[in-house]
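Colleague: Have a look at the structure that comes next, please.
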Protein chains: 2
Amino acid sequence: MSEQARTEISSLGEFGLIDHLTKNVEIHNASTILGVGDDGAVIDHFGKQTVVSTDLLLEGVHFDLAYTPLKHLGYKSVIVNLSDIYAMNAVPTQITMSLGISNRFSLEALDEFYEGVYAACNRYQVDLIGGDTTTSQRGFVISVTAIGEVSPDKFVKRSTAQKGDLLCVSGDLGAAYVGLLFLEREKRIFMESPGVQPDLENETYVIGRLLKPEARKDIVDFFTEKEILPTSMMDISDGLSSEILHICKNSNLGCVVYEDKLPVEEAMKTAAFKFEIDPTACALSGGEDYELLFTLSQSDYDKIVLNEQISVIGYMTEPEQGSHIITKGGGKHAITAQGWNPLK
Amino acid sequence: MSEQARTEISSLGEFGLIDHLTKNVEIHNASTILGVGDDGAVIDHFGKQTVVSTDLLLEGVHFDLAYTPLKHLGYKSVIVNLSDIYAMNAVPTQITMSLGISNRFSLEALDEFYEGVYAACNRYQVDLIGGDTTTSQRGFVISVTAIGEVSPDKFVKRSTAQKGDLLCVSGDLGAAYVGLLFLEREKRIFMESPGVQPDLENETYVIGRLLKPEARKDIVDFFTEKEILPTSMMDISDGLSSEILHICKNSNLGCVVYEDKLPVEEAMKTAAFKFEIDPTACALSGGEDYELLFTLSQSDYDKIVLNEQISVIGYMTEPEQGSHIITKGGGKHAITAQGWNPLK
């Protein structure tokens, strides 16, 4: 954002602002029959089923503008919603974006935010089809609804895992949480000594995972290509432990997870050690990974074994056996949800 | 809300709260394939097109809890979104509801809000299929997305009015704004002299129009029954003048409106006089009416003439003629948008 220019949002009025923000909107999907600019948007998924998910992101609760660039925030606001659509085994096609903006935001700041929104829309080929833009007395409010499509009855719920299924995750876990620890630490240092320059050069991986997550389109595409239908699936936003317990509870099953199978990056382990915390704890409880957690029939094992982006971390058991993790040392511990609680 | 009971929301946790708020959710539509409780909801409109609209309502900007009962607020939050779906000539079928709640809200308060949400859902036969519930640092945040269905290509935009079309509105206008004036006045009196009892007995109509608006399902049903397809339509949320100018601009037309055709209730006129304001100004610029503004081909006049809920207020002209109102005294004035600007 240029320091020179500051255009007050109120100078455009609501409709001028909407025109400004949406004048370059591109449509990527034939399903978008009518986009921005009317009371509602119109979608035709042509015989497919429609999947809907929504998230509310509030300043001071979900993000801190002290260390979150607005462009990244715009990008991430879209991604966290697309992740939910992929977690249903569906393909996102449209989003609506509503914003509450306080008067400390200039038009230039809002443009930066929308640069990120449009970058995510282009990368994932989704269409921005509507929203609502209003003033807020305090704090930046972001509400996104993502819409997707799925072939009839091919959506995947959390409640349909079967005993003996393989428990799998995509990508790697825990890095976003460690990235958050670095940024919170730098913020404290900056508040105490504004002259000190941040030293985050070696932490680009973990910080990138926090500030610019991606949604696992590639995994859902891979399922389609290999004709795999997971028996259950959800995305990992609150932390692996918490999500595993959702699948177990909703499917009325237990599970066994192996610590040495949890996918973690070397960069995350190195960074975690700087805070003297256990990388496994980060992987289990960190949150904001936006990876996919899913169960597969054992007969699908051959189809996934060569995909390096998929790790089998355990298997589903009878509910009476509970949900446990087997540590590297051979210990057995109950899995507990220590994920983020947005109501505390 | 009982003064005796206060349950802290944080005592339930996010998932306990969602379970509590959605345990009695009823499904009214065959199109709701999967509702609350997964990463996303699944909808199948079975060959129809899907209409989507979203609104963000912020405390202190869109509502004042000093005089807005939470049950009414829950009801109205749904209605204002359904109104947008009807304004597309579509039938609402589902909503998502996201809330940001500060810790001054108890579970009992939230239950009251949801009583209103469910009352609206039942009355309009729409299904609550998802949402997001989080803490807010300050202020109550409400984000609703409404989803509806329409037969392919029967949706009605703002941009398709034709020269010579009749300009029509449903119901009556201006009352919600006068209701707001009363409640703002009572709030000032209460702040200055807390012992004074409010005197609003005679103002139930205008206050009811503000606090508990309805969406014009009956008008859209009437169109279907009479095989009427409006040539353009939108709902009246920011004030009639502002909305007329949208239709004129988007359809590239002008219009003539007759003051003596504007539908106003006696109760509104009486109330407006108490504030020494012109009822016509309230009807033109008041806002929050949630009536429908639409244009019809003149050949449809016979079909609507007996419907007392529809008023023909003028007609569409060439764009060069501009947008004018002819007053009761025969004067001619340009229509200007003086509606509510949520960005000021």
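Cβ from N, Cα, C; glycine included.
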Colleague: Check TrEMBL: it lists B:ASP39, B:ASP84 as binding Mg(2+) 3. Then name which of B:ASP235, B:ASP238, B:ASP260 it lists for that same site.
Modeller: B:ASP235
Colleague: Specify the secondary structure state of B:ASP235 (Mg(2+) 3 binding site) as given by DSSP, simplified to three classes.
Modeller: strand
Colleague: Here the binding-site residues are B:ASP235, B:ASP238; which one has the lowest number of other Cβ atoms no more than 10 Å from its Cβ?
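Modeller: Looking at the binding-site residues B:ASP235, B:ASP238, the Cβ with the fewest others within 10 Å is that of B:ASP238.
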Colleague: Binding-site residues B:SER53, B:GLY131, B:SER237: which have a Cα within 10 Å of B:GLU288 (substrate binding site)?
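Modeller: The binding-site residues passing the 10 Å Cα test are B:SER237.
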Colleague: For B:TYR114 (ATP binding site), which residues of its chain lie six or more apart in sequence with Cβ-Cβ distance below 8 Å?
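Modeller: Expected: B:LEU21, B:GLY74.
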Colleague: What span in Å does the ATP site cover, taken as the longest CA to CA distance among B:TYR114, B:GLY131, B:ASP132, B:ARG158, B:SER237?
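Modeller: Comparing all Cα pairs, the maximum is 33 Å.
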Colleague: My list of binding-site residues is B:TYR114, B:SER237, B:GLU288; which of them have a Cβ under 8 Å from any chain A Cβ, in sequence order?
Modeller: none
Colleague: Which one of the binding-site residues (B:ASP84, B:ASP132, B:GLU288) has its C-beta surrounded by the most other C-beta atoms within 10 angstroms?
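Modeller: That would be B:ASP84, with the most Cβ atoms nearby.
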Colleague: Residue counts in helix (H, G, I), strand (E, B) and coil for the domain 'PurM-like N-terminal' (B:37-150), per DSSP?
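Modeller: Secondary-structure composition of the domain 'PurM-like N-terminal' (B:37-150): 35 helix, 46 strand, 33 coil.
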